[in-house]
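Visitor: I grabbed these lines from TrEMBL:
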type     : residues : note
REGION   : 1-29     : region 'Disordered'
DOMAIN   : 33-83    : domain 'Amino acid permease N-terminal'
DOMAIN   : 120-625  : domain 'Amino acid permease/ SLC12A'
TRANSMEM : 121-142  : transmembrane segment
TRANSMEM : 148-177  : transmembrane segment
TRANSMEM : 198-218  : transmembrane segment
TRANSMEM : 238-257  : transmembrane segment
TRANSMEM : 266-285  : transmembrane segment
TRANSMEM : 318-340  : transmembrane segment
TRANSMEM : 352-376  : transmembrane segment
TRANSMEM : 432-453  : transmembrane segment
TRANSMEM : 485-504  : transmembrane segment
TRANSMEM : 510-531  : transmembrane segment
TRANSMEM : 543-567  : transmembrane segment
DOMAIN   : 634-785  : domain 'SLC12A transporter C-terminal'
DOMAIN   : 787-995  : domain 'SLC12A transporter C-terminal'
Amino acid sequence: MERSRSNGGEHVNNAYDSTLDEPPHYEEASRAVRPSVVSAFGHDTLDRVPNIDFYRNAGSVSGHRAVRPSLQELHEVFQKVSARHLCSLHLFLSGTPYDPDLESAVPIDKGGVKFGWIRGVLVRCMLNIWGVMLFIRLSWIFGHAGWGLGIVVIVLSCVVTTITGLSMSAICTNGVVRGGGAYYLISRSLGPEFGGSIGLIFAFANAVAVSMYVVGFAETVVDLLKDNDVLMVDEINDIRIVGCITVVLLLGISVAGMEWEAKAQIVLLIILLVAIVNVIVGTFIPVTESKKATGIFNYNSKIFLENFTPDFRHGETFFSVFAIFFPAATGILAGANISGDLRDPQAAIPKGTLLAILITGVTYLGIALCVSATVVRDATGNINDTVTPGVPCTGPSIAACELGYNFSSCAETECEFGLINNVQVMTLVSGFGPLIIAGTFSATLSSALASLVSAPKVFQALCQDNIYKILHFFAKGYGKNNEPIRGYILTFIISVAFILVGDLDTIAPIISNFFLASYALINFSCFHASYAKSPGWRPAYKYYNMWLSLLGALLCCVVMFVINWWAALLTYGIEILLYIYVTVKKPDVNWGSSTQAVTFVSAVGNALSLSGVNDHVKNFRPQILALTGGARNRPALLDLAHSFSKNYGLCLTCEVFVGPRSEALEEMNSGMERNQLWLRKTKRKAFYAAVACDEFRQGAESLLQASGLGRMKPNTLMIGFKRNWRTAGTEGVQTYVGILHDAFDFEYGTLILRMDQGLDVSHLVEAEETPVSAEHEMNKAAKIDTMQPKKHIYVKIRYILKLLEASAQFKKKQPKGTIDVWWLFDDGGLTLLLPYILTTRKKWKDSKLRIFIAGQPGRSDLDKQEMKSLLQKFRINCTDINVIDDIHIPPRADRKLDDMIEPFRLHEESKDSAPWKITDEELSTFEEKTNLQIRLNELLQENSKSANLIVVSMPIARKGVSDFLYMAWLDILTKDLPPTLLIRGNHKSVLTFYS
């Protein structure tokens, strides 16, 4: 049996380094003796003590990956006697240094700026959460909801973000976190399908968020210009002009580098903190009469109690108010989004994010309660609206009446001041109004700057993984910090486009839903990883709960619909489409996701459940063990086996490595993953299995007995016909027939495929595993020996072309024709079931079944009717039923069989006593059997010469019959025919007509 050296036609993804996320492949490398080994054990040894360097990935910037001795080196160290190994062993044990354990592709640390948890996470998250909501909308929210429900709004928002923060903390501390923020966390947890879909929309959401924040800033500037009557053109165009100029300035800060961006964030934070303190200080300053007229007083318990209950107006509800506030809380990923620029993201992200949620939540509550205790809901702004004796003081602000002001007119006409009516309450309450404007500028610009940095960073990480190949252009980074300049430019273009032509009021809820979808998947990632119970899920952060994470994911989904139902549906639709796209494209990455872990747990659970179910004929499935000699060596055999088992059963393509144990094991181990990868790449739903043995039959016997798991165990052996049996030698023939005997002993159904051109293309598979093609083989054949006559070259080329065509015959769509089934012996129905399965395949849909059965002379019609009735009960359709009633006729005189067996005969007068030879007595005993095979071949030539596939009941290899005689029967039976499949079931029913 040829051994496959295939790498499976493995596709190379130039942008993705699998060693960054997979367990490294340790190759034999030079190693220096480490003193710790000697000091630990008192003597030197090839073994190594545990060390962190052995567990690093290639490309680690925190240290070089070391290569530990392989198991084979330790196992065989005293058996290696070659000069090279003796020299290596001497160097190991003597302490002579070899080259250090360095990765050839380890990137050099260029000294890029790295941030701690305060500047990198805490500051960014606080700036992103403290938005214009703090100064513009917070008073309006508490005016409608009252401080009772207002607290619920803030607390509920903080609950969602806190749960998300806890989930993110668990994921961050379950291994090294690289650049990419939310995309990196989700993709490494749930896999590229979820990560690729959410990564793209998350990056887009950040890019559009830049325009939203900049427009908020521009609107405030234009309001100031309008108040001072210095508009440039008009309000709309002035907003566009100011917005574009602002984005250009922010882009300049971002491109200048993360250090400049971080300094700008610190300045903006100081301004924002001063503005917040200004509001709180303003509530303690004694108010003037003009301020009282606008509904602003000093702290008063009556005002506080009056503002406790909700007073929803203009169709507002709790959910609409909540939907307006919640986007303010969507800044918790600002620190995680620059995870690649953090000094220690595992420690920084949990600490900075959770502390930012706490600080901002307390700030929102504190300022809201301060305003609720000092400002009434409605006020006229008229200092003359005081309480007059004898004039009733009613209306919405009873507390104002007791404080000397009568705002009863607000019950009839809408007033301009108060919590509900005036969005500039914070400016009026504060000690110095312009500082609130500065705070508004700071809040909008800091959020815009954070989004302008986050979008390119996340997008670059997505492009570097090459999940969307068309976007790989944006993967390149520049400078010591690997800045995504191309991503910055793209984000700038998107932002300017939305500033100029975008309807931001419409796009705002979609962006909020994009962020919430990211939060939902982060929570679900934590739940999924915990649920999978993978040994690799060991987060250092312990303050999380899988069910709390699931609750967080559900809350995020609910909030998406609360904010805007159609935006939520649109978000889900886009994510599903991207998920399907990535799934179909199957990116060449393996990150050990929890999806894989859950799949494994589910598979084991299903296998165990299945093992408790008894077999039933209705649930019979062809589970085929195909001895292909490697995944690529006999593609026609594999394709036909795959057609039988796809979606119906199990297919194992198996290989036996024969030879010295050390060599066979080395070759087998190196090919296991490669062959399985090739099967997956070529979309063949099969498993690869291999064994190493001293004898081929012994290996095949091991596969027949031990393959499979529980009920998912092969029940059918499929093997190619041994075309060279006459020249293979006694041992080769005995091994081949012995495998058939073993299959019958183990009650396997048995299939033998014969094609005139042969099945084995292993000699055409290059050592470097380039794909086999007709053009490549023709060129190679022509270069073999230029001294050969051209006639010989053409003959070889024709042979190669025919072999390649035959090897791909069952991979392509079959032409219109028939599958001729010669069901001569009742074997339980396998001979009929397998051809029927073929007709259900798209490639075989134009091939119709024709059934041939043996019949007695004189009752052909009755036999045909009985078979027709049986097929109807089996619900198997066929185009024709043919009764062959002349099988018993002796075959025409032909010397082909005699010529086949002549070299293997033991004549009576011969003195040779070889036990494997065919004696005259044996030939005479089985004369009728022999004649039957010859006669069947004649009938097959007459009736099935043009069939796409011939299926024939296989004669059983009975014990006691010479192996060479049996091979002659198989040979003469299938000679000079289209592709022929010999089938013999295990004589247990695989068909039933009972329901």
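From the backbone N, Cα and C atoms, a Cβ is placed for every residue, glycine too.
Set these features in their place in the structure for me.
Guide: Listed as Cβ neighbours of the transmembrane segment (121-142) (distance under 8 Å, sequence separation of 6 or more from its ends, same chain) are residues 115, 150, 153, 213, 216, 262, 265-266, 268-269, 272, 275-276, 279, 307, 321, 324-325, 327-332, 334-336, 338, 342, 348-349, 351-353, 355-357, 359-360, 363-364, 367-368, 371-372, 375, 419-420, 422-427, 436, 439-440, 442-444, 446-447, 450-451.
Residues of the same chain lying 6 or more positions beyond the ends of the transmembrane segment (148-177) and with a Cβ under 8 Å from any Cβ of it are 57, 141-142, 184-185, 188-189, 308-310, 318, 321-322, 325-326, 328-330, 332-333, 336, 339, 342, 345-346, 349-350, 353-354, 357, 361, 364-365, 368, 372, 519, 522-523, 525-527, 529, 536-541, 543-544, 548-549, 551-552, 555-556, 559.
Same-chain neighbours of the transmembrane segment (198-218): 131-132, 180, 182-183, 186-187, 238-240, 242-243, 246-247, 250, 337, 440-441, 444-445, 447-448, 451-452, 454-456, 458-459, 461-462, 467-468, 490-491, 494-499, 502, 504, 507-508, 511, 514-515, 517-518, 521, 571, 574-575, 578, counting only residues six or more beyond its ends whose CB sits under 8 Å from a CB of the stretch.
A Cβ distance under 8 Å defines the sequence-distant neighbours of the transmembrane segment (352-376), meaning residues of its chain 6+ beyond its ends; these are 117-118, 120-122, 124-126, 129-130, 134, 138-139, 141-142, 146-147, 150-151, 154-155, 157-158, 161-162, 165-166, 168-169, 276, 279-280, 283, 295-301, 303-304, 306-307, 328-329, 332, 335-336, 396-397, 399-400, 407, 418-419, 425-426, 429.
Residues 160-161, 163-164, 166-168, 170-171, 174, 182, 185-186, 189-190, 194, 198, 201-202, 204-205, 208-209, 212, 326-327, 330, 332-333, 537, 544, 546-547, 549-550, 552-553, 556-557, 559-560, 563-564, 567-568, 570-572, 575, 594-595, 597-598 of the same chain lie 6 or more positions beyond the ends of the transmembrane segment (510-531) yet place their CB under 8 Å from a CB of it.
A Cβ distance under 8 Å defines the sequence-distant neighbours of the transmembrane segment (543-567), meaning residues of its chain 6+ beyond its ends; these are 159-160, 163-164, 166-167, 169-170, 319, 322-323, 326-327, 509-510, 512-513, 516-517, 519-521, 523-524, 526-527, 530-531.
Mean pLDDT, taken over the domain 'SLC12A transporter C-terminal' (634-785), works out to 81 on the 0 to 100 scale.
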Visitor: Kindly say whether the transmembrane segment (485-504) and the transmembrane segment (318-340) touch, using the definition of 3 or more Cβ pairs under 8 Å where each pair is 6 or more positions apart.
Guide: no
Visitor: What stretch in 238-257, 266-285, 432-453 has the biggest tally of Cβ pairs under 8 Å against the transmembrane segment (318-340)?
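Guide: Answer is 432-453, with the largest number of Cβ pairs below 8 Å.
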Visitor: Could you tell me what the rest of the chain brings near the transmembrane segment (266-285), counting residues at least six beyond its ends with Cβ under 8 Å?
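Guide: Contacts of the transmembrane segment (266-285) (Cβ under 8 Å, skipping residues fewer than 6 from its ends): 119, 123, 126-127, 130, 134-135, 298-299, 363, 366-367, 370-371, 373-374, 426, 429-432, 435-436, 438-443, 445-446, 449.
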